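Here the structure comes first, spelled out in C-alpha coordinates, and everything after it is commentary.
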Amino acid sequence: MAGEELTRKLQHRLRLEDTEEPRAAPDPAPSTGADAELSAQLSRRLHIAEGAAPPRRCRVFNPYTEFPELSRRRLKDLESVFRRYDAGRDGFIDLMELKLMMEKLGAPQTHLGLKSMIKEVDEDFDGKLSFREFLLIFHKAGAGQLQEDSGLMALAQLSEINVALEGVKGAKDFFEAKAQALSSASKFEAELKAEQDERRREEEERRQRRAAFRELQAAFSA
(Lines of atoms letter the chains of each structure in order from A; the text may use other names.)
(Lines give C-alpha, C1' and ligand atoms only; values in the text may rest on other atoms or scores of the structure.)
Protein backbone atom coordinates (compact mmCIF):
# COMPACT_ATOMS: atom_id res chain seq x y z
CA MET A 1 0.00 0.00 0.00
CA ALA A 2 2.78 2.39 0.90
CA GLY A 3 4.42 1.75 -2.49
CA GLU A 4 1.19 2.50 -4.40
CA GLU A 5 0.65 5.74 -2.41
CA LEU A 6 4.16 6.94 -3.22
CA THR A 7 3.64 6.13 -6.92
CA ARG A 8 0.38 8.18 -7.03
CA LYS A 9 2.12 11.18 -5.42
CA LEU A 10 4.95 11.06 -7.95
CA GLN A 11 2.52 10.86 -10.87
CA HIS A 12 0.54 13.83 -9.49
CA ARG A 13 3.72 15.90 -9.13
CA LEU A 14 4.77 15.15 -12.71
CA ARG A 15 1.36 16.22 -14.05
CA LEU A 16 1.65 19.56 -12.18
CA GLU A 17 5.11 20.23 -13.60
CA ASP A 18 3.90 19.47 -17.13
CA THR A 19 1.19 22.15 -16.84
CA GLU A 20 3.52 24.93 -15.56
CA GLU A 21 4.85 27.56 -18.06
CA PRO A 22 8.57 27.44 -18.67
CA ARG A 23 10.48 30.13 -16.83
CA ALA A 24 12.57 32.67 -18.81
CA ALA A 25 16.28 32.44 -18.40
CA PRO A 26 17.70 35.29 -16.31
CA ASP A 27 19.33 38.11 -18.22
CA PRO A 28 23.09 38.14 -18.11
CA ALA A 29 24.59 40.67 -15.71
CA PRO A 30 25.39 43.96 -17.43
CA SER A 31 29.00 44.72 -18.00
CA THR A 32 30.36 47.50 -15.86
CA GLY A 33 33.88 47.61 -17.21
CA ALA A 34 35.62 50.47 -18.92
CA ASP A 35 35.20 48.76 -22.30
CA ALA A 36 31.42 48.79 -21.95
CA GLU A 37 31.40 52.48 -21.01
CA LEU A 38 33.65 53.38 -23.92
CA SER A 39 31.48 51.34 -26.27
CA ALA A 40 28.38 53.21 -25.06
CA GLN A 41 30.03 56.59 -25.63
CA LEU A 42 31.18 55.65 -29.12
CA SER A 43 27.72 54.33 -29.93
CA ARG A 44 26.10 57.58 -28.81
CA ARG A 45 28.52 59.64 -30.88
CA LEU A 46 27.70 57.54 -33.91
CA HIS A 47 23.99 58.06 -33.30
CA ILE A 48 24.48 61.82 -32.96
CA ALA A 49 26.48 61.93 -36.18
CA GLU A 50 23.73 60.01 -37.98
CA GLY A 51 21.01 62.21 -36.49
CA ALA A 52 19.48 59.32 -34.54
CA ALA A 53 19.99 60.89 -31.12
CA PRO A 54 19.98 64.54 -29.98
CA PRO A 55 23.26 65.78 -28.54
CA ARG A 56 23.32 66.52 -24.82
CA ARG A 57 23.66 70.13 -23.77
CA CYS A 58 27.01 71.18 -22.34
CA ARG A 59 27.18 70.85 -18.60
CA VAL A 60 27.78 73.87 -16.42
CA PHE A 61 31.49 74.23 -15.83
CA ASN A 62 33.89 76.37 -13.86
CA PRO A 63 36.48 77.87 -16.24
CA TYR A 64 38.77 78.83 -13.36
CA THR A 65 39.23 75.19 -12.33
CA GLU A 66 39.07 73.58 -15.78
CA PHE A 67 41.53 76.02 -17.36
CA PRO A 68 43.92 76.91 -14.52
CA GLU A 69 46.60 77.99 -17.00
CA LEU A 70 44.40 80.98 -17.97
CA SER A 71 44.45 83.86 -15.50
CA ARG A 72 41.22 85.36 -14.20
CA ARG A 73 41.87 88.55 -16.16
CA ARG A 74 42.47 86.61 -19.37
CA LEU A 75 39.33 84.54 -18.86
CA LYS A 76 37.33 87.74 -18.40
CA ASP A 77 38.82 89.18 -21.59
CA LEU A 78 38.07 86.01 -23.57
CA GLU A 79 34.53 85.95 -22.20
CA SER A 80 34.07 89.50 -23.49
CA VAL A 81 35.36 88.43 -26.93
CA PHE A 82 33.00 85.44 -26.94
CA ARG A 83 29.97 87.55 -26.01
CA ARG A 84 30.87 90.16 -28.61
CA TYR A 85 30.53 87.62 -31.43
CA ASP A 86 27.63 85.66 -29.92
CA ALA A 87 25.15 87.73 -31.92
CA GLY A 88 22.26 85.39 -31.17
CA ARG A 89 22.84 85.71 -27.41
CA ASP A 90 22.25 81.96 -27.02
CA GLY A 91 25.58 81.11 -25.42
CA PHE A 92 27.06 79.69 -28.63
CA ILE A 93 29.05 80.86 -31.65
CA ASP A 94 27.60 79.20 -34.73
CA LEU A 95 29.09 78.91 -38.21
CA MET A 96 27.93 82.33 -39.43
CA GLU A 97 29.01 84.06 -36.22
CA LEU A 98 32.43 82.40 -36.50
CA LYS A 99 32.62 83.56 -40.12
CA LEU A 100 31.97 87.15 -39.02
CA MET A 101 34.47 86.80 -36.19
CA MET A 102 37.28 85.62 -38.47
CA GLU A 103 36.51 88.42 -40.95
CA LYS A 104 36.65 91.02 -38.17
CA LEU A 105 39.97 89.58 -36.98
CA GLY A 106 41.36 89.86 -40.50
CA ALA A 107 41.63 86.13 -41.22
CA PRO A 108 38.58 85.14 -43.31
CA GLN A 109 38.01 81.42 -43.83
CA THR A 110 36.23 79.31 -46.42
CA HIS A 111 33.03 77.47 -45.53
CA LEU A 112 34.93 74.19 -45.25
CA GLY A 113 37.63 75.90 -43.21
CA LEU A 114 35.06 77.19 -40.72
CA LYS A 115 33.48 73.75 -40.39
CA SER A 116 36.91 72.24 -39.82
CA MET A 117 37.64 74.79 -37.09
CA ILE A 118 34.45 73.96 -35.23
CA LYS A 119 34.93 70.22 -35.67
CA GLU A 120 38.36 70.27 -34.01
CA VAL A 121 36.97 71.43 -30.64
CA ASP A 122 33.28 70.47 -30.97
CA GLU A 123 33.07 68.00 -28.08
CA ASP A 124 29.31 67.43 -28.23
CA PHE A 125 29.00 67.40 -32.04
CA ASP A 126 26.33 70.13 -32.18
CA GLY A 127 28.08 72.10 -34.93
CA LYS A 128 28.76 75.25 -32.88
CA LEU A 129 31.08 76.52 -30.17
CA SER A 130 30.11 76.77 -26.52
CA PHE A 131 32.18 79.01 -24.24
CA ARG A 132 34.01 75.95 -22.93
CA GLU A 133 34.87 74.83 -26.46
CA PHE A 134 35.96 78.39 -27.25
CA LEU A 135 38.37 78.31 -24.29
CA LEU A 136 39.59 74.92 -25.47
CA ILE A 137 41.04 76.68 -28.52
CA PHE A 138 43.34 78.76 -26.32
CA HIS A 139 44.13 75.78 -24.13
CA LYS A 140 45.28 73.83 -27.19
CA ALA A 141 47.19 76.82 -28.55
CA GLY A 142 49.08 77.18 -25.28
CA ALA A 143 49.82 73.44 -25.19
CA GLY A 144 51.16 73.46 -28.76
CA GLN A 145 48.35 71.22 -30.01
CA LEU A 146 47.34 73.42 -32.96
CA GLN A 147 48.98 73.64 -36.37
CA GLU A 148 50.67 76.98 -36.98
CA ASP A 149 48.77 77.62 -40.23
CA SER A 150 45.37 76.45 -38.93
CA GLY A 151 42.32 78.64 -38.60
CA LEU A 152 42.12 77.99 -34.86
CA MET A 153 45.72 79.15 -34.35
CA ALA A 154 44.92 82.32 -36.29
CA LEU A 155 41.85 82.84 -34.12
CA ALA A 156 43.87 82.36 -30.92
CA GLN A 157 46.70 84.67 -31.97
CA LEU A 158 44.51 87.42 -33.43
CA SER A 159 42.16 87.34 -30.44
CA GLU A 160 45.13 87.89 -28.14
CA ILE A 161 46.22 90.87 -30.24
CA ASN A 162 42.67 92.22 -30.30
CA VAL A 163 42.38 91.93 -26.51
CA ALA A 164 45.73 93.70 -26.12
CA LEU A 165 44.62 96.53 -28.42
CA GLU A 166 41.37 96.87 -26.50
CA GLY A 167 43.43 97.13 -23.33
CA VAL A 168 45.63 99.85 -24.83
CA LYS A 169 42.57 101.73 -26.07
CA GLY A 170 40.99 101.38 -22.65
CA ALA A 171 44.13 102.68 -20.99
CA LYS A 172 44.32 105.57 -23.49
CA ASP A 173 40.69 106.47 -22.81
CA PHE A 174 41.35 106.27 -19.06
CA PHE A 175 44.32 108.64 -19.15
CA GLU A 176 42.53 111.03 -21.49
CA ALA A 177 39.56 111.09 -19.13
CA LYS A 178 41.87 111.63 -16.18
CA ALA A 179 43.66 114.49 -17.96
CA GLN A 180 40.31 116.04 -18.82
CA ALA A 181 39.21 115.74 -15.20
CA LEU A 182 42.45 117.36 -14.01
CA SER A 183 41.97 120.13 -16.56
CA SER A 184 38.42 120.72 -15.35
CA ALA A 185 39.61 120.74 -11.76
CA SER A 186 42.34 123.25 -12.60
CA LYS A 187 39.83 125.47 -14.36
CA PHE A 188 37.51 125.34 -11.38
CA GLU A 189 40.35 126.20 -9.01
CA ALA A 190 41.36 129.14 -11.23
CA GLU A 191 37.79 130.47 -11.27
CA LEU A 192 37.53 130.06 -7.50
CA LYS A 193 40.80 131.93 -6.98
CA ALA A 194 39.66 134.74 -9.26
CA GLU A 195 36.42 135.11 -7.26
CA GLN A 196 38.35 135.20 -4.00
CA ASP A 197 40.72 137.87 -5.39
CA GLU A 198 37.72 139.90 -6.57
CA ARG A 199 36.14 139.74 -3.09
CA ARG A 200 39.39 140.81 -1.44
CA ARG A 201 39.71 143.73 -3.86
CA GLU A 202 36.14 144.87 -3.20
CA GLU A 203 36.68 144.53 0.56
CA GLU A 204 39.86 146.62 0.30
CA GLU A 205 38.03 149.34 -1.67
CA ARG A 206 35.28 149.49 0.97
CA ARG A 207 37.87 149.75 3.72
CA GLN A 208 39.59 152.62 1.90
CA ARG A 209 36.26 154.43 1.36
CA ARG A 210 35.39 154.12 5.06
CA ALA A 211 38.82 155.44 6.03
CA ALA A 212 38.45 158.40 3.65
CA PHE A 213 34.97 159.17 5.03
CA ARG A 214 36.28 159.17 8.62
CA GLU A 215 39.10 161.53 7.65
CA LEU A 216 36.66 163.87 5.93
CA GLN A 217 34.29 163.76 8.93
CA ALA A 218 37.16 164.56 11.28
CA ALA A 219 38.14 167.54 9.14
CA PHE A 220 34.66 169.08 9.32
CA SER A 221 34.47 168.49 13.06
CA ALA A 222 37.73 170.31 13.79
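The backbone N, Cα and C atoms fix where each Cβ goes, glycine too.
Note that this is a predicted model, so its numbers are computed, not measured.
Some features that TrEMBL has for this protein:
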type: REGION; residues: 1-38; note: region 'Disordered'
type: COMPBIAS; residues: 1-24; note: compositional bias 'Basic and acidic residues'
type: DOMAIN; residues: 73-108; note: domain 'EF-hand'
type: DOMAIN; residues: 109-144; note: domain 'EF-hand'
type: COILED; residues: 178-212; note: coiled coil
Report, as numbers and ranges, every residue of the chain located at least six residues beyond the domain 'EF-hand' (73-108) whose Cβ falls under 8 Å of a Cβ in that stretch; write 'none' if there are none. 63-64, 67, 114-115, 117-118, 126-131, 134-135, 138, 151, 154-155, 158-159, 162-163, 166-167
For the coiled coil (178-212), mean pLDDT (0 to 100): 72
